Structure formats: C-alpha cells, structure tokens
Amino acid sequence: MSFTVYPALDIRDGRVVRLLQGDYARETRYGDDVLPRAQAFADAGAQWMHLVDLDAAKAGGYTLAALLGQISRQTGLQVQTGGGVRSREDVARILDAGAARVVVGSLAVRDSATVIGWLQEFGTDRLTIALDTRQDAAGVWQLPVHGWTETAEATLDQLATQYAQAGLQHLLCTDIARDGMLSGPNMGLYAHLRALAPQLQVQVSGGARNLADVAAAKAAGCAGIVLGKALLEGHLDLKDALAC
C-alpha cells in the first residue's frame, strides 16, 4: 500500500483557518492566500491535498466548488474535499467541480445506508468517510455528533466494520482530543482500526507535529496522513514529510 501525505487547508469566510478541537470559537487565521498555498503544496511535490469547507460543515451546502476547480486546474493536485456534504447532489456537484474524492462526515454517521448507496453509485475510490471519535471512560471509541455535543448510537468499531464490509476503501479518522493540539497522533487508535478492518486504507488525522509522527503513521501501515497546523505554523516542512 502506498503512503500519501495530504497537506490540508481548512477554509472559513474565504480564509485559511484552523479550529482547536473543532471549536469555531477557537479559530486561528492564516490569511486568504488559498490558491498560492495550494500551488506551494504542488511545488513541494505533493500529489494530493485535503480541502475542508468549514462554513458548509456548519451550515450545509458546499461553497468551495469554484475554488476547488481553480486548484485542480492550476496546480494539478488531486483534491480530497468535503464539508456539509448531505445529499447525492452534493457529491455529484463536488466531483463535477474537480474533486478526486469527496469526504462525507456527519451523514456517514447518521445515515450509513444512504452513504453506502453512494459508494455503490459513485465508486468506492471516490468517497472518503471521515469519522471523528472520542474514547469514553470504558475505552470504547464513540462517535460524537451535532458539533460533538451528542454521541451517536453506533460506535466507531461498528461503523468502520459496516463500511468495510460495504467495500469502503478510504477512512479518515480523527481523535478529537488530538485535533489541532500538536500533541502527536493517537497511534493506538490507528493500530486498533488496522486490526479491526485491515482492508481499509486509513488516513491519520489530528495532532501530527513532526517527521517522527509521519514516519510512525507510515510504519503502522496507514495509507496516509493529513497535515494541517504543523505545516501552517512551520513545525514541519512538506518536502521532508513527502520524502519520509
């Protein structure tokens, strides 16, 4: 299995931002130079990037179609993107705009039957399921929903198994406790997922801070790692990460 580094940009109100543990009230802004940053990813040798529409994640209705098209055409990057994907029409529109893969998050937890139907319709390589998880006191990986204020009935293990059996290829999993914290990814979580469903191509997300974290994700047999804050704040050089 090849290993992919996904430099990431989260967009809100046209600006590159990062949220601390997904909290919209704890936002750091990094400027509105989205296209130049994407070009810099390509110039460093990246083949993929991860693009998130934070406005849509909150309100629904993906808003980055025009920007996505620009990035795809001008940089040659393959873009994995999502935020507010709630209908079949959303998926089709984002793919038509130039996405290589569409990320489905909240709906994948709320209505797995519908999303499994999309896998069959659009192809298992065109969707990435994103699951945000938090470990409870009993050690069970739960799936917080509705802005992480409630917990879904299904657990991470149950949904990951269900999607794997339905033919899902790409699973992006974020440990909420590590998101934006630069405290290192929770490699125990990813080892657990790899053992649970070895056929899944698991992407590491949340907490990556240095080359050792990238190397650990690769050594664990994960398919890739999403790098956000560490790149934006200069803790990690993209060329070095790509060469890892």
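Just so it is clear, glycine is given a Cβ too, placed from its N, Cα and C backbone atoms.
For D10, the entry in Swiss-Prot reads active site, proton acceptor, with the evidence type sequence analysis. According to its DSSP assignment, D10 (active site, proton acceptor) is in a strand.
If you look up Swiss-Prot, you'll see D132 marked as active site, proton donor, on the strength of sequence analysis. Proximity of D132 (active site, proton donor) to non-local residues of its own chain (separation of 6 or more, Cβ distance below 8 Å) is seen for G22, G105, L143, P144, W148, C173, T174, I176, D179, given in sequence order. A strand conformation is recorded for D132 (active site, proton donor) in the three-state DSSP classification.
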If you draw a 10 Å sphere around the Cβ of D10 (active site, proton acceptor), how many other Cβ atoms fall inside it, taking every protein chain shown into account? 22
